[in-house]
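*Asks:* Below are the structure tokens for one structure; questions will follow.
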Amino acid sequence: MGTSVFYFVATLSVFFALMVVFAKNPIHSVLYLILTFFTFTVHYVLLNAQFLAVVNFIVYMGAIMVLFLFVLMLLNLNKENEPNKSALLRIVGVIAGGCLVVTLIGSLKSVAITSPLVLKNPSLGLVENLGKELFGKFMLPFELSSLLLLSAMVGAVLLTKKEEKTNG
Amino acid sequence: MGSIFENMQGVPLNHYIWFCAIIFTIGVIGVLVRRNAIIIFMSVELMLNAVNLLLAAFSVHHNDASGQVFVFFIMALAAAEVAVGLSIIVMVYRNTQSIDINVLNRLKW
């Protein structure tokens, strides 16, 4: 089977990502986004980054997608009520994106690293190794990220709270 | 699980770079082309994911676990960003009955 798995999964994720952007119905976009994240999980497994694969599965496909779907259903936006941008703006957007990808690939061609990816340490992406790294060198950022999550939670609750009508 | 990777040896690193550049660009096109605020958020998520995968690939290339720790931090940041962003969208919808980005163009001034 060799490396063909990577190319197959990469093709799938490019296809699903395109469908996310160009699907008419927002619900279909969210479902295609779930499929895209699933293919990314497969990529992590292929890189032997098992911890990241599991976290990607739980955080992205579980938490974030539930948030997206929940908001879409709550706002009752599952009908096509999006006024289309003019065709000119769409074409200009796609051309700008094409220029970006040509620039990125062209500039990275000069530093191309054609050597195949070799995993020197098989336990690199396992939980034990990453846990030692996370609670050793990265202790302070880890604690700070908990503060970030807490403030995000407080901010989300405050933002969505209905304002009381003050009659004063 | 090591055997899976044995089969994977041989994908050059620059194919990962090209693949992530393409996914990132699809995200950029989504931000430029769509007007639905939620789909713009999803495109931002696509861009974050492309960067995540590239960090993991380089972490394997350099045999350094720091890259994967960074991916973990980016995931925490993405979760926080989505929570706050979606609540802002809910607020905008409550005030304007629409999530079209163009109704916010008065923020320019």
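Numbering starts at 1 and runs along the chain as it is shown here.
From the backbone N, Cα and C atoms, a Cβ is placed for every residue, glycine too.
Small disclaimer: the values here were computed from a predicted structure and weren't measured.
Relevant sequence annotations retrieved from TrEMBL are reproduced here:
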type	residues	note
TRANSMEM	A:6-23	transmembrane segment
TRANSMEM	A:30-47	transmembrane segment
TRANSMEM	A:53-75	transmembrane segment
TRANSMEM	A:87-118	transmembrane segment
TRANSMEM	A:138-159	transmembrane segment
*Asks:* Please identify the stretch among A:30-47, A:53-75, A:87-118 with the greatest number of Cβ pairs below 8 Å relative to the transmembrane segment (A:6-23).
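*Replies:* Against the transmembrane segment (A:6-23), the leading stretch is A:30-47.
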*Asks:* Test of understanding: applying the rule of at least three C-beta pairs under 8 Å (pairs 6 or more apart in sequence), is the transmembrane segment (A:30-47) touching the transmembrane segment (A:53-75)?
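*Replies:* Judged by the Cβ rule, the two regions touch, with the required three close pairs present.
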